[in-house]
Amino acid sequence: MQPAGLAVLLVAVWCHAVPAIADVQPEQRNFEPSTDPALFAFDRGAGDGGLYTFDNLSVAQDPRAYRPDVGALDFVYHNHEEMTRYLRATTARYPNLTALYSIGKSAQGRDLWVLVVSASPYEHMLGKPDVKYIGNIHGNEAVGRELLLHLIQYLVSSYGSDPYIKWLLDNTRIHILPSLNPDGYAASKEGTCDGGQGRYNSRGFDLNRNFPDYFKQNNKRSQPETEAVKDWISKIQFVLSGSLHGGALVVSYPYDNTPNAIFHSYLSQPSLTPDDDVFKHLSLIYANNHGKMSRGVACKTASPSFENGITNGAAWYPLTGGMQDFNYVWHGCMEVTLEVSCCKFPPAYELRKYWDDNQMSMIKFLAEAHRGVQGFIMDPTGNPVERAQLKIKGRDIGFTTTKYGEFWRILLPGVYKLEVYADGFVPKDVDFMIVEQHPTLLNVTLQPAKEAAEYSASQLPGASYDRPLTPTTPIANREPARPNAANQDRLIFTS
Ligand SMILES: [Zn+2]
């Protein structure tokens, strides 16, 4: 990581040369765009922190970059240089739909490229979610890496003709990191279905055992690839995420670890999150839209079979330091592990079949970011309350507002209570309802706490009396939202 090299990109792209397309019908999309003026009440602050990138963005936009016919991405494996060329060529060909940035470098110095695909690639869209896919965290699990390149290709080439893709990109920023472990990939071999060659980074670390852990102390030395992800997801608030793996055919959801993983794979017990209903739902969306995953057929006779093609991570086998638990517990991002191929590195001629099986799943899964509740936390003057701490009552993994006061939480239909706690304000509880047809828009106005304001004023300038919300503090361990049933906000439903 090179934090000193961070630079905020100040370019906002607003002009889209998009051919005329028939309007998206809400019933088709299971989504109705909000017309609530509150969504547009804040100054967008053009370029202010929407996307972060590194100095090498200028490299990414090199006009001399090789430009193949990206309308026909081959079903072959792309090494790091070929992948880099493809990503650059795609940004050159689709400048209004894509932006390329690097979140850092691997241990051997390869860029960890992320391509954003969105109608607003360079800037966060106020009130609209950011989502991500990460591929190839295990270097020898190569199918996901190619699937993500094909997903990019499909999204950019379908925007002008497919109303669903247009709706998705108009309302979502999709960040795609095809390879988190390019060094491991370089050490892997096509046609090798099993084994660990290339699984680890170049220093021999398993990156999916390298994150801080909610249940156990993780003493593994943090690797540059891991640090890059931690830095990335602390800067962009992702609502939903999928990490693509190979070696099995199943969606595995948090928790991966458990408080009592003594007997490991012999006596694996489920380790369920308070959002288990949501994680099961998200996993089923992927499995049910997949060509064969939901059948739950075992990869080999000696391998486990998974009912409906999904499993709790710890119930399969517990692990410490996994990425999905970290995303969920530290950042409130719903991440699942997508095991997309029984063979970790199958021959290239099978890639088309994998794309056919996963295409619909990959798209429908991302659209789930638009399910549940979203809104803004504001003060009485309408200014956003940043880093307000939020919880859904009964679900003790919290989440926070962005610098614009935005929040999102994926929830299934039902009645819920949002607990809001922000320093210097009176805590507040808000009841709301989720329906199947569209997300619930919920804006909450907090009243300043007089005592807290006076206390704050007595502090030295710049002094903070709040516990810092550092990335090393799991949200679950932070100050709980305090119930105060007297303050109920009205419900705002989109229409
Ligand atoms: Zn893996």
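Start at 1 and count along the chain as shown; that gives each residue its number.
Every residue, even glycine, has its Cβ placed from backbone N, Cα and C.
These numbers come from a predicted model, not from an experiment.
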Quick one: which of 184-222, 457-495 does TrEMBL have down as region 'Disordered'? 457-495
Taking the Cβ of E339 (active site, proton donor/acceptor) as the reference point, list residues of the same chain whose Cβ is under 8 angstroms away and which are at least six residues distant in sequence. H245, G246, G247, A248, L249, V250, V251, S252
Note the mean pLDDT of the domain 'Peptidase M14' (76-369), expressed as a whole number. 96
